[in-house]
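Asker: Quick paste of what Swiss-Prot says about this protein:
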- His69, His109, Glu144: Zn(2+) 1 binding site (BINDING)
- Glu144, Asp178, His215, Glu260: Zn(2+) 2 binding site (BINDING)
- His181, Asp228, His230: Zn(2+) 3 binding site (BINDING)
Amino acid sequence: MIRIGAHMPIGGGFKRVPKETYEIGGNAFQIFPHNPRQWKANLPKEEDIKLFKEGIKKYKIDPEAMLCHSGYLINIASPNIETWNKSLELLILEMKICSTLGIKYLNIHPGSHLKSGVENGINQILKALNTAMEKEKNTFILLENVTKKGGNIGSTLEELKLIIDKAKFPDRLGITIDTCHAFDAGYDITNKEKLNEFLNKIDKYFSLEKLKFIHLNDSKNDLGSNKDRHENIGKGKIGSEGLKVFISHPLIQKIPWVLETPGDNDVHKKDIQEVLKILEVK
């Protein structure tokens, strides 16, 4: 069975997420654990947790297809000690929120080294991950591939490998592949041969077991542009034919897909329908 969904709003509480996921035709989802544009976050209220978990059972959502996405302000690669400390503190709280909700996976962007260099940035990332994962043992952290702009770390599989290889708790680390980010970073996932090379490299560096989620997005920009601008399914430079190559691969079909395309739930419902149409799923 294809597991597909979208990034869902949490306004009004986490309790709304399972039902709204079902209403857009999904059986997987991603959420923010708090307002992503604020440093402040709170643990969910007991009633919200209870109703959320009841909804998960009612709508038969696979626990392996539920994902939290870290807030925008976190930068655990930062050379600025104040920013790094605040990022670490919020990351630990996000892991607690995930655990409270019964969500196993937290997706994070590795962060930007802010001109301090990749090596220094990776060292900062490792310090943060090791500390956070020592304190919170129930949450798996997934490193998302990103585009190279702004000193971002993780635009290549090699950089993600460096982090996981040196981490203290590699068994609780995995990766998320964002199709827009991969395409914009120069990985041609629209070509069968190149896609196989990409997946073989993932298997060689991490094992495919580490690939836990796909962020399924089209791209507004060309291959290798390093822009990171998501587009709705079939309307971008990856396009319907390119996405068909990617999502038709049997290995990709084993992994949950979450859309982060522009628009609200109604738009995401149409995007999910478009994905299934591309796959020729009735």
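Backbone N, Cα and C define each Cβ position, glycine as well.
Bear in mind that the values here come from a model prediction, so they are computed numbers and not experimental data.
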Asker: For the Zn(2+) 3 site (His181, Asp228, His230), what does the 8 A shell look like? I mean other same-chain residues with CB within 8 A of the CB centroid.
Answerer: Val146, Thr147, Asp178, Cys180, Asp184, Asn217, Ser219, Lys227, Arg229
Asker: Rounded to a whole number, how many Å is the Cα of Asp228 (Zn(2+) 3 binding site) away from the Cα of Asp178 (Zn(2+) 2 binding site)?
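Answerer: Asp228 (Zn(2+) 3 binding site) and Asp178 (Zn(2+) 2 binding site) have their Cα atoms 10 Å apart.
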Asker: Measuring Cα to Cα, tell me the gap between Asp178 (Zn(2+) 2 binding site) and Glu144 (Zn(2+) 1 binding site) in whole angstrom.
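Answerer: It is 7 Å, counting Cα to Cα.
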Asker: Among all the protein chains here, how many other CB atoms are within 10 A of the CB of Asp178 (Zn(2+) 2 binding site)?
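Answerer: So the Cβ neighbour count for Asp178 (Zn(2+) 2 binding site) comes to 25.
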Asker: Of the binding-site residues His69, Glu144, His230, which sits closest to Glu260 (Zn(2+) 2 binding site) by Cα distance?
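Answerer: Of all the candidates listed, His230 is nearest in space.
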Asker: At a 10 A cut-off on CB-CB distances, which of the binding-site residues His215, His230 has the highest count?
Answerer: His215
Asker: I want the residues beyond Glu144, Asp178, His215, Glu260 whose C-beta is within 8 angstroms of the mean position of the Zn(2+) 2 site's C-beta atoms, in chain order.
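Answerer: Along the chain, the qualifying residues are Asn107, Asn145, Thr176, Ile177, Thr179, Cys180, His181, Phe213, Ile214, Asn217, Val258.
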Asker: Distance check, please: Cα of His109 (Zn(2+) 1 binding site) against Cα of His181 (Zn(2+) 3 binding site), rounded to an integer number of angstrom.
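Answerer: A Cα-Cα distance of 11 Å.
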Asker: What is the separation, in Å, between the Cα atoms of Glu144 (Zn(2+) 1 binding site) and His215 (Zn(2+) 2 binding site)?
Answerer: 9
Asker: Taking just the CA atoms, what is the gap between His215 (Zn(2+) 2 binding site) and His230 (Zn(2+) 3 binding site) in Å?
Answerer: 10
Asker: What does DSSP assign His109 (Zn(2+) 1 binding site), in three states?
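Answerer: Note: His109 (Zn(2+) 1 binding site) is coil by DSSP, not helix or strand.
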Asker: Let me check the 10 A CB neighbour count of Glu260 (Zn(2+) 2 binding site). How many other CB atoms are there?
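Answerer: Neighbour count, Cβ to Cβ under the 10 Å cut-off: 16.
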Asker: Which number gives the other C-beta atoms within 10 angstroms of the C-beta of Asp228 (Zn(2+) 3 binding site), all protein chains shown included?
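Answerer: So the Cβ neighbour count for Asp228 (Zn(2+) 3 binding site) comes to 21.
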Asker: I need the CA-to-CA distance for His69 (Zn(2+) 1 binding site) versus His230 (Zn(2+) 3 binding site), whole Å please.
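Answerer: For His69 (Zn(2+) 1 binding site) versus His230 (Zn(2+) 3 binding site), the Cα atoms are 16 Å apart.
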